[in-house]
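Reviewing the structure listed below.
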Amino acid sequence: MTKLIALLAGDGIGPEVTGEARRVLDALALDLAFEEAEVGGAAYRAHGHPLPPETVALAQRADAVLFGAVGDPAFDALDRALRPEQAILGLRKALSTFANLRPARGFPGLEEASTLKPEIARAIDLVIVRELNGDVYFGDKGRRTTDAGLREGHDLMRYDEAEVRRIAHVGFRTARTRSGRLCSVDKANVLETSQLWRDVVIEVAADYADVELTHMYVDNAAMQLVRNPAAFDTIVTGNLFGDILSDQASMCVGSIGMLPSASLDADGKGLYEPIHGSAPDIAGQGKANPCAAILSAAMMLRHSLGEAAAADRIEAAVATAIRGGMRTPDLGGTATTRAMGDAVLAAL
Ligand code: ATP
Ligand code: MG
């Protein structure tokens, strides 16, 4: 049966990089239908809102969402609720995508772009499973003036056990498909939420006797990630810690333009997007690296469309293009977005 893909290209380099992902998907001649809708600044221009109801409806109706990026400095002065960036937060909520998978794998030939020593960069092969619907992002927030006349701000960090349990299961299941090692990252020596997190992860571990579970404080995890990233296989962590650790992991690989992500709901339906943003500084110039978007399309095939073999082919083709020396400017070269897409297609 034909699978429907909602293609939400968004702003900045979003249309350029998802355009290359679309060409790669088309070349595979799978039974896919694409429907496009505006999101972010593009949607604000067309409809007066960054996340119009038609866009949400299409995303909910589709079998999977392929997302570019949102963000446009032209709208910086708007109210927070109308800013392009709100569109992605709204979509994650509307689709209940609570599990964010961010794989980071070293590419042979790309070591010189990494901040790490070549032999260390080459050995990276990990996935960060980040909780996406809770934590300080969604707890009570506020500003006030204290009795002493000082300005004060607060963001409540909170998780309930059901929220921790469902992401823990995703962590264990992910580890099981890989080397069977799961590292749960928290700050249980200081935070109540982290103590709950650790208790619940240990309870869930009873269902996964075949997975080896370890725990690490987030500060130590940040250090180990640059010291010896190969020590990690699957990391499961909260929204804030996962945000920080995955950006750190991207530079260990070499460029933010190389890392894809999947945001999944309880049934495996998902939204797929590069971890980078709309990059307004290079938008429209053909300089963006489309690999993160192309690899996001591969994750979509694997996780939501039951096309694991096609996903493997795309990932191998990207690796071949990189090994063959194709380099966009973020990787130290001069190749265009289109040339990188062509190289991946040729390798396919
Ligand atoms: P957001 O808030 O949407 O995450 P951001 O402000 O964090 O966006 P990005 O849009 O990710 O920033 O851009 C950060 C830097 O990385 C910019 O200099 C941008 O040009 C560069 N960059 C991001 N994506 C790519 C890409 N695919 N190829 C090349 N360079 C990129
Ligand atoms: Mg960013």
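Cβ atoms here come from the backbone N, Cα and C positions, even for glycine.
Annotated domain 'Isopropylmalate dehydrogenase-like' per TrEMBL: 4-344, in sequence order.
For ARG92 (substrate binding site), applying a Cβ distance below 8 Å and a minimum sequence separation of six or more within one chain yields LEU132, ASN133, SER263, LEU271. Annotation source TrEMBL lists substrate binding site at ARG92, ARG102, ARG130, ASP219.
What TrEMBL records for TYR137 (among others) is site 'Important for catalysis'. For the recorded site, TYR137 (site 'Important for catalysis'), the DSSP three-state label reads helix. Around the Cβ of TYR137 (site 'Important for catalysis'), 16 further Cβ atoms fall within 10 Å across all displayed protein chains.
Look at LYS187 (site 'Important for catalysis'): DSSP puts it in coil. Residues or ranges marked as site 'Important for catalysis' in TrEMBL: LYS187 (among others).
Classification of ASP219 (substrate binding site) by DSSP places it within a helix. Taken from TrEMBL, the feature Mg(2+) binding site applies to ASP219, ASP243, ASP247.
In three-state terms derived from DSSP, ASP247 (Mg(2+) binding site) belongs to a helical segment. Annotation: no recorded positions among TYR137, LYS187, ASP219 have CA atoms within 10 angstroms of the CA of ASP243 (Mg(2+) binding site). The Mg(2+) site is set by ASP219, ASP243, ASP247; from the centre of their CB atoms, other residues of the chain with a CB within 8 Å are VAL218, ALA222, LEU240, PHE241, GLY242, ILE244, LEU245, SER246, GLN248.
In this structure the residues listed as binding substrate are ARG92, ARG102, ARG130, ASP219; their two most distant Cα atoms lie 28 Å apart. Note: the CA-CA distance between ARG102 (substrate binding site) and ASP247 (Mg(2+) binding site) rounds to 10 Å.
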